[in-house]
Amino acid sequence: MIKSGQLQILSELVYSAGSTLCGKTHTVISGDSCWSIGQANSLTVAQLQSLNPSLGQNCDLTVGQILLLQPACFVEATPCGKTHAVVSGDSCWSVGQANSLTVAQLQSLNPSLGQNCDLTVGQILLMQSACSVKSTLCGKTHTVVSGDSCWSIGEANSLTVAQMQSLNPTLGQNCDLTVGQILLIQSACNGYSTGWS
């Protein structure tokens, strides 16, 4: 439930890393539930879960989590891992320490911080690799299951690890996977194929 004085954010979201959510979004705040967010946006809980597979069967919400409320025209990456909303007094060092990250790791996960690691109150920071998500309008995907590796997924889809990383930039240099993560295997958005054959 949204309490008086709290701001509900429903807007286009653009990450400086180059991924764009061009559908309507909502940033989870204290008191929100899947039911209340769905009601406020004419969605059932099942529809909300379908648009946001990272919610899982129990529709688990985290304050600061960004939810898609309508299908995106193209989504390259969206935070589905742990996030942190910057508050007054935060520094990259303190946020990193609280989440077992170095400043360099925090900057790598959040390229918009820049070299000086500039924080803005209210800014949502990723604390672990984001999931790659694609809209229902384009591309072939693979949902990560226990035992998957970038190599095994690539091998099964005739891709190299480098090609997997190119299609899913949020995997990072170490090709970090999370069970439930949705990976782009071949992208064919707006009539242009960006996958490999």
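Note: Cβ is positioned from N, Cα and C throughout, glycine not excepted.
If you look up TrEMBL, you'll see 24-69 (among others) marked as domain 'LysM'. Within the model, the domain 'LysM' (24-69) carries an average pLDDT of 84.
The feature domain 'LysM' is assigned by TrEMBL to 82-127 (among others). The domain 'LysM' (82-127): residue composition by secondary structure is 17 helix, 6 strand, 23 coil, according to DSSP.
Summarising the annotation, TrEMBL assigns domain 'LysM' to 140-185 (among others).
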